[in-house]
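I have placed the structure first, in the form of structure tokens, so that the comments after it can refer back to it.
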Amino acid sequence: MAKGGSLYIVGIFLPIWTFMIYIFGKELFLIRKYQKIDSTYTALSQRVKEQYDTSRRRNYFPKVKLSRNSYDDYTLNYTRQNDSDSFHLRENATILMLVRNSELEGALDSMRSLEDRFNNKYHYDWTFLNDVPFDQDFIEATTSMASGKTQYALIPPEDWNRPQWINDTLFEERLRVMEDEGVLYGGSKSYRNMCRFNSGFFFRQSILDNYDYYFRVEPNVKYYCDFPYDPFRVMRLKGKKYGFVISLYEYEETIPTLWDAVEEYLVASEETILRKEDSAYAFLTDSGLVGKHYPVVEANSDYNLCHFWSNFEIGDLNFFRSDEYKHFFETLDAKGGFYYERWGDAPVHSIGVSLLLRPDEIIHFDELGYFHSPFGTCPASYAVRLDQRCRCKSDDESVIDITPHSCLMRWWKNGSGKYFLKEEQDEI
């Protein structure tokens, strides 16, 4: 009975053991199979990594340049400097921010973005301007954020405040009308002070006397890409006097008589400034078809309303200090348009540099991704975006470069042109 019982138990469990051994063997087979597949793909991945290792290290396509507006054959090699380099020669330049104490958080955001993308390698000075004294919190926080020296200056009242010759009654009336009409910043007094200061007084501040170049930065902006070069060095080596990244149309209701004042200046200065054909005058007046687009606004004067967006600008301070530019500004300022209307510093700068500089002295930094609400710019080339670790999409709705609202194509046509591809990289 016991023997028969044992046989019975064996008979019951033998199929179970056999099944378990089968399952275990099958699982072991699958594990080994997947290990083999994983090993195969690991080896393949390693070969791909080694094949494109130079791309991973951001020396992308060393024999192809997708644009050469700023880093051309005789300025900078396209291959970027190794990020591990601990020393970079600096130009005689400063990063400049006009900012209020209340804008500290926005200032820190902009500083962090520019430090990460550019200045942590160069340690350029940061210069901060304000019409009231900076408080200790602002000074401590910005000093901590900067990789270079920080310095702070109080703008003299005579450089900031509304001049005494402005008719207060007319000014208040124009302020009320523009606010009622919904003009952007139409009712703001401080905004007018800022625009006039940026147009004709920022370069007169004594704290800037020892610098040759400035890089204007505003609070709450973003720099999307690593800078592949030092833009200050490009400015010096190529003899550039003004650099921009975005160009668009101005609101005509803010500058209804600006071009009238410019035309008076042109007549009075005809013998002392560049001939129209030698300057970028056509950029300001061309209203024809460019690509698929006519100007989005039909202007009421010969001025097509195109301007360089001055919240990002890199400039030669010695140009703005020149008698030619100061005469240009003072002629316009005497009209009172900064207060009776709402003239912005962007069209004033743009008209000034377009009339007083040759087109080849103005540079479009087309590799530098940037955003200032509501518009941005992003390199169109996928390879460039990879190389510069950009965090933007060239087809994003905020990117304005070749949209109907942009004047960039008009600059390509009437300014310094645009290069799209050059096959060979010459040595410098």
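Numbers run from 1 along the shown chain.
Backbone N, Cα and C define each Cβ position, glycine as well.
As given in Swiss-Prot:
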- GLU313: active site, nucleophile (ACT_SITE)
- ASN77: N-linked glycosylation site (CARBOHYD)
- ASN82: N-linked glycosylation site (CARBOHYD)
- ASN92: N-linked glycosylation site (CARBOHYD)
- ASN167: N-linked glycosylation site (CARBOHYD)
- ASN414: N-linked glycosylation site (CARBOHYD)
- 25-88: region 'Stem region' (REGION)
- 89-428: region 'Catalytic' (REGION)
- 25-428: topological domain 'Lumenal' (TOPO_DOM)
- 4-24: transmembrane segment (TRANSMEM)
Listed in sequence order, residues with CB under 8 A of ASN414 (N-linked glycosylation site) and six or more positions away: ALA280, ALA282, PHE283, ASP286, PRO359
Neighbour count (Cβ, 10 Å) for the residue listed as 'active site, nucleophile': 24
Spatial neighbours of ASN167 (N-linked glycosylation site) that are distant in sequence (at least 6 apart) but have CB under 8 A: GLY336
Number of other Cβ atoms within 10 Å of the Cβ of ASN92 (N-linked glycosylation site) across all protein chains: 12
Alpha-carbon distance [ASN92 (N-linked glycosylation site); the residue listed as 'active site, nucleophile'] in Å: 16
Mean of the pLDDT scores, which run from 0 to 100, over the region 'Catalytic' (89-428): 93
